[in-house]
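Worksheet for the structure shown next.
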Amino acid sequence: MSESSTYFEKQRDMLIQEIGVSIESVVYNLDILNRSLNGSISVGKEFDNVGRLWSHFYDGLNQLKERNNQEETNKNDQGDANDDDSSSDEHGSSDEEIDQDQEN
């Protein structure tokens, strides 16, 4: 029975050694992954300022577009109001002309 226990112990020691090597490999690969992730994060942080700059740029463009649209709307509204006034003046004068023609 001592031979079987020694065989068992040898197999157990070999398996423990394989497990140890595998764990070391996993730890090594996790370290590499950690470095890669840290590098990616640092590169991403470098673009934060550039991203904010572009965001401000597009916000400014949108504000300009909104102002231009409001100005055009205001001009169109004023133009429509002026057209209405001038058309009523035209109608008023034509009514007066009709009244004068009828008197004559």
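Each residue, glycine too, has its Cβ placed from N, Cα and C.
Copied over from Swiss-Prot:
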COMPBIAS  65-78  compositional bias 'Basic and acidic residues'
REGION    65-104  region 'Disordered'
COMPBIAS  95-104  compositional bias 'Acidic residues'
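The helix, strand and coil residue counts that DSSP assigns across the compositional bias 'Basic and acidic residues' (65-78) are 14 helix, 0 strand, 0 coil. Using a Cβ-Cβ cut-off under 8 Å and counting only residues 6 or more beyond its ends in the same chain, the compositional bias 'Basic and acidic residues' (65-78) has no close neighbours at all.
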